[in-house]
Structures are given as C-alpha cells and as structure tokens.
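Colleague: My questions all concern the structure below.
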C-alpha cells in the first residue's frame with residue numbers, strides 16, 4: 001500500500017490520509033512508500049511550476065502556474081529496482097507529470113534528473129496555446145547524500161529551463177531507507193547553510209525581553225570580468241541581501257561557490273552581474289565621474305522569494321565606493337548599500353576595482369576609513385576654531401571686567 005498526503009501550506013489542520021484539495025496557493029506533498037510493510041522511501045516537499053506558452057492571440061505569451069494539484073496520482077513511484085534506481089512520480093491529471101530519480105551507490109545515494117512533462121493540448125490549463133502537444137523539460141541534478149541520511153533543504157531552489165521555472169522548498173527526503181526507519185541524521189543543502197530568516201517576535205500581555213537573531217556573515221567571493229584576454233574588473237566581497245518587503249525580513253547570504261558571474265567593461269562604465277538558482281540577476285554598475293574617480297552608480301536585482309514570487313528593484317542614482325581612477329576601493333568592515341526602502345546590500349571584506357586593472361591585480365586601495373578621516377578632519381578643525389574663539393571671548397570679558405573695576409576704585 002502507498003499512502004500520500006497533501007497538506008495546505010497555510011497550516012490548516014485538515015489532513016486526509018491520501019489526498020486533500022483546497023483553495024490555497026501551494027501544497028506540501030508527503031510520500032511514505034513502503035516495501036514489505038516497512039518504509040523504503042520517504043519524501044515531504046513543496047513545489048510549483050510556472051510555464052510560459054505562446055497563444056493564438058497575436059502570438060502573445062501567457063503564463064500559468066501549476067500549484068493547486070487536481071486529480072493527483074503517484075503511479076510509477078518505486079523504492080528501487082535491481083539496478084538500484086528509485087523514483088518518485090507525480091501526475092496532475094492528464095496534463096502535467098513530474099518525476100525524480102535516485103541512484104544507490106556503495107556509500108551514498110544520488111538525486112538524479114528531474115523530469116517535467118506538460119501537454120498544451122489541454123485547453124483548460126493552456127487556453128489558446130500554440131502549438132498543441134507534449135513538451136518535456138529535464139533538469140539534471142547530481143546531489144550526493146550519504147546512505148542513512150535524510151536530505152533537508154528548506155531554502156527555495158529554483159531551476160529555470162527555457163520557458164519553465166520550477167520552484168522547490170521545505171524538502172525532506174530519504175531514498176533507500178534502511179530497516180524501515182527514517183533517519184534523524186540530516187544532510188543539509190548549501191543554500192540552507194547560507195540563508196537566515198528572521199522570525200517575527202510574538203508579543204504576550206507582558207512582553208518578555210527578546211533578541212533578534214544575528215545572521216551569520218556571508219562567505220567572501222572573488223569575482224572578475226575580462227575584456228578579451230585581459231582582466232578589466234576585480235571584486236572581492238561577502239554579500240548579504242536584505243529584503244524587508246514582507247512582515248518577516250528575508251536575509252540571504254550569497255554563496256560564491258554556487259554563484260555565476262559575468263559582466264562587461266567600457267571606458268565610462270563597468271558592470272558585474274551575479275546569478276544563481278535564487279537570484280535571476282544582481283547587477284553592480286560602476287561609472288566614472290569628473291574623469292578622475294569611479295563609484296558605484298547603479299544596482300539592479302531580481303530574485304525569487306520563498307513563496308515563489310519574484311522581487312525586483314533597480315536604482316541608477318547611487319553614490320557608493322568612491323575612489324580615484326587607477327586605485328581600488330577597500331572596506332573590511334560591514335557596509336550597507338541602501339538600494340531602496342525595501343532592499344539593501346550588506347558587504348563584508350569589500351575590495352573592488354572596476355577600471356584600469358593592470359596584470360589582473362588590484363592597485364593601491366583607498367580604504368573606507370579614509371572617508372571617515374576626511375569627514376572627521378573638518379569637524380576637528382571646526383571644534384578647535386570654536387575653542388580658540390571661546391578663549392578669546394573669555395579673555396575679552398575678563399579684561400573688560402577688570403577695566404570697570406579699576407574705574408570704580410579710582
């Protein structure tokens with residue numbers, strides 16, 4: 001017997017042993033697959049798919065999100081065959097099917113390819129779609145998990161292939177379960193190691209003292225852009241993205257090992273673009289001012305949130321990281337780049353040179369502490385002048401008082 005459970009994300013207490021349908025945006029899937037009356041494959045996860053397709057109306061694009069499963073079946077799910085291959089298979093009626101495979105090795109198991117098949121001939125799901133027919137999207141994975149460990153990834157994992165975006169989160173799964181007991185040992189995905197979500201504080205009648213969790217600092221990454229065979233831009237920095245659009249702030253540390261980078265260099269501007277499974281793009285655009293300095297002029301970002309929505313912000317009127325041309329800008333302490341009211345970037349151990357890179361190495365750095373010194377010098381000078389003026393006035397009034405006293409004695 002196979003038992004499946006679908007429970008609403010909203011936290012409703014209604015749970016059916018095999019299927020629950022309701023008017024919510026996405027569902028948590030749970031599969032407890034037995035073999036000889038003992039669990040051999042366990043999985044609990046959330047997912048949705050966004051598919052863009054061409055329509056007969058002036059060949060415009062429409063988008064459909066598959067997030068409310070109807071007529072769901074799990075035919076074809078298996079604990080493993082003679083070749084050591086297990087599979088989870090999900091069918092959303094006759095329109096969409098999804099499956100993922102697992103391969104058993106000597107000391108670990110591997111999450112393999114994810115297959116998504118959809119049929120645009122279904123006019124209910126894909127009204128006015130052209131052309132009609134079946135389409136297959138394959139997302140190749142190769143995640144190795146130790147045997148007897150359960151894989152956990154609460155972070156949003158996004159895979160974009162062509163016109164299809166797949167979102168997965170709150171994943172807990174174990175293939176090839178030993179002795180029917182799901183493991184308590186977790187193998188945590190890299191994204192969970194670098195994401196911290198600050199929980200809201202729940203106030204009682206007499207609020208107890210609370211502290212806001214401090215997110216871990218991000219890993220420092222090295223990024224570069226080339227123009228032909230020569231490096232034209234260098235950047236070293238740890239990046240922490242802060243989104244405050246929702247009631248619960250979302251804090252995301254960029255992991256350099258899973259982040260791609262590209263860019264371009266021009267005489268007056270330079271661009272560094274970062275992207276990964278969660279960030280569609282994060283652009284840093286530098287510009288030359290007064291033909292003697294460079295600065296960070298623009299930041300553009302578009303990223304997927306935990307609920308599958310897309311958060312986008314752009315600001316082309318910034319003024320950060322100012323330094324003379326021919327030098328680099330450095331700031332080892334934490335800095336905040338406020339891009340908008342709802343988005344900021346915290347940088348750690350920053351060093352950047354977007355122009356005049358020679359032999360692929362940083363030039364002499366302008367330290368951000370110099371900015372503070374430049375700010376403090378006029379304050380110190382002003383304070384000194386104010387002190388001198390106060391002494392002069394004090395001496396004047398003392399002399400004036402003595403002068404009057406002399407007249408009275410005379």
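Note: Cβ is positioned from N, Cα and C throughout, glycine not excepted.
The disulfide bond annotation in Swiss-Prot covers 40-79, 153-189, 232-265, 331-368 and rests on sequence analysis. The annotation N-linked glycosylation site is assigned in Swiss-Prot to 48, 58, 75, 99, 119, 222, 242, 275, 300, 307, 317, 356 (among others) on the grounds of sequence analysis. Taken from Swiss-Prot, the feature region 'First lumenal domain' applies to 29-192. Per Swiss-Prot, region 'Hinge' is recorded for 193-228. Among the features that Swiss-Prot reports, region 'Second lumenal domain' is placed at 229-375. Annotation comment: Swiss-Prot describes 400-410 as topological domain 'Cytoplasmic', evidence class sequence analysis.
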Colleague: If I take the Cα of residue 153 (disulfide bond) as reference, which of the recorded positions 58, 232, 300, 356 has the closest Cα?
Modeller: 300
Colleague: Of the residues in the region 'Second lumenal domain' (229-375), how many are helix, strand and coil by DSSP?
Modeller: 11 helix, 91 strand, 45 coil
Colleague: If I restrict to non-local contacts, at least six residues apart, and a C-beta distance under 8 angstroms, what lies near residue 222 (N-linked glycosylation site) in its own chain?
Modeller: 235, 236, 256
Colleague: If you count other C-beta atoms within 10 angstroms, which of the glycosylation sites 75, 300 is the most crowded?
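Modeller: Counting every other Cβ within 10 Å of each candidate, the maximum falls on 300.
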Colleague: Relative to the Cα of residue 99 (N-linked glycosylation site), which of the recorded positions 189, 265, 317 has the closest Cα?
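Modeller: For residue 99 (N-linked glycosylation site), the spatially nearest of the recorded positions is 189.
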Colleague: If you average the pLDDT over the region 'Second lumenal domain' (229-375), what number do you get?
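Modeller: Here the predicted model's pLDDT, averaged over the region 'Second lumenal domain' (229-375), is 90.
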Colleague: Where the distance is taken from Cα to Cα, which of the recorded positions 79, 189, 275, 317 turns out closest to residue 119 (N-linked glycosylation site)?
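Modeller: Smallest Cα separation from residue 119 (N-linked glycosylation site) among 79, 189, 275, 317: 79.
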Colleague: With DSSP assignments reduced to helix, strand and coil, which class does residue 58 (N-linked glycosylation site) get?
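Modeller: Coil, per DSSP.
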Colleague: What is the nearest of the glycosylation sites 58, 242, 300, 356 to residue 189 (disulfide bond), using the Cα of each?
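Modeller: Spatially nearest to residue 189 (disulfide bond) by Cα position is 242.
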Colleague: Taking the Cβ of residue 48 (N-linked glycosylation site) as centre, how many other Cβ atoms lie within 10 Å?
Modeller: 19
Colleague: Nearest to residue 300 (N-linked glycosylation site) by Cα, among 58, 265, 368 (recorded positions)?
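Modeller: That would be 265, nearest by Cα distance.
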